[in-house]
Amino acid sequence: MSASSCVQCCFSERLIENLGYDAAVHTIPTPDGYLLTVHRISGAKQKSPRDRPPHNTPVLVSAGLASNSEMWVLREPNLATSLVNAGFDVWLTNFRGNSYGLRHETLHPKRHEFWDFSWHENGLIDQASTIDYVLETTGRNKLITIGHSMGSTAQVVLLSEKPSYAEKVLCSVFLAPPIYFSKPPVLPTALRNLFYLLPQLKESTGRNVVNDKMPFMDQCMAAYCFQTANEKFNNLCRAGISAMLGKPQKRISDVNALKLLAHFPGGGSIRQVLHYGQSIASGGFQKYDFGSVKNLKLYGSPHPPSYNLSAITTPIYVYYGTSDGLVSSEDVRKFTKQCPAVKEVHALPYNHLDYALADDINEAYIKPVIGTLMKYI
């Protein structure tokens, strides 16, 4: 598999159709000119019982940083098609900056202005625009959201900054939510220590950052890993995945690893990464730190304000992994204590991407999640 073949195969609609479902592609315009591609899935294989006609409750399913809608349909079983079979109207969303969010009404991705955003804009603008579009298209008043990783972060931003959206969201499910980093795992800890050793970086990341896409975040790694019978090299790639994401529930097969790397990473901005870097350095959950001068103009303070978690009223259900290499159990528990809207918290023996790749996802979290969502239809 060459790098170019990775790019050609990375189409959510083709993956959906290969699983035997129908895919519809929608373009959602945002108020600031971005054009986001979302994928709607229909054609349930398992029909609802006669005593339970399809309810078609809309569900938005969002992926994380450097990922996209392809994450949810790499194989079966998966969360997306399981929701379809349970009668839900499933919309796989994408944020600006990933491979399905590279269009704009006036800006080209080669211009720095295109990349002037972090996950703050992903939540405040992209998520809000997607919710409004889906509700208008379906004629519904409310929907459900499910977010993995940055998809959870974006939803927290929206619900805390625009509490009125609670009237549009029945409930939200968060998978591996990166909110706090007060006790981060190994990789985030290394980044935090870098800020401690070089304190000038903290100011420079806000004040002097050049808006652009994050280097190597759109590089298809399947061109390099799991392409040969060299088990030592494949194990090195597997070790790299574990170092970044945490130890998987069980050894990732070469087939599943290749599926993952053919569709991941899927693009992102420097500021998205730096915003998480700032959270790691501060241990808090705050708006983007542009440096004291710009902060004064934007926020009226030299320091960025924290997001108000107490403003969130939408019922939230949290699933986290005890082997997650990016989000620690302690920080998930901190979030659940700080956010009064959290109703349930579930721990799984997962790393950051086992939600798509683990062998037991159907029993471990898909069925429980669907059981929870059925209470809201």
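Every residue gets a Cβ built from N, Cα and C, even glycine.
Quick look at what TrEMBL lists:
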type	residues	note
ACT_SITE	S149	active site, nucleophile
ACT_SITE	D324	active site, charge relay system
ACT_SITE	H352	active site, charge relay system
DOMAIN	58-355	domain 'AB hydrolase-1'
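Taking the Cβ of D324 (active site, charge relay system) as centre and 10 Å as the limit, one finds 24 other Cβ atoms among all the protein chains shown. When other Cβ atoms within 10 Å of the Cβ of H352 (active site, charge relay system) are tallied across all protein chains shown, the result is 25.
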